[in-house]
């Protein structure tokens, strides 16, 4: 039987920008994506720590090294610049999966990897 397991998590990212009139998505610095094991186009669950909003969107690759986390389209209404968010990707598997987590500071620099 297939179960849903956490695969990747970017913990406590800071929202750096918003583009309301865009197709939609969350734009993540390419380096952060790679370190967390998240792919472009992958579906993610985003939790806003500041206001408890939760939403599902897909990832687009941001500029490597920019440390930017940008919300686009309707998702831009669910967080403000400076809000802290948790970004999670999941996978289907018949056996438990060891997830990869990166923890960020308020400048979106990696302070810990698990």
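Placement of Cβ uses the backbone N, Cα and C atoms for every residue, glycine included.
Pulled from Swiss-Prot:
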ACT_SITE  25  active site, schiff-base intermediate with substrate
ACT_SITE  58  active site, proton donor
BINDING   57, 73, 74, 75  substrate binding site
MOD_RES   25  pyruvic acid (Ser)
Rounded to the nearest Å - Cα separation of residue 25 (active site, schiff-base intermediate with substrate) and the residue listed as 'active site, proton donor': 5
Cβ-centroid neighbours of substrate site 57, 73, 74, 75, 8 Å, sequence order: 24, 25, 26, 55, 71, 72, 76, 77, 78
Candidate with sparsest Cβ neighbourhood (10 Å radius) among 74, 75, the listed binding-site residues: 74
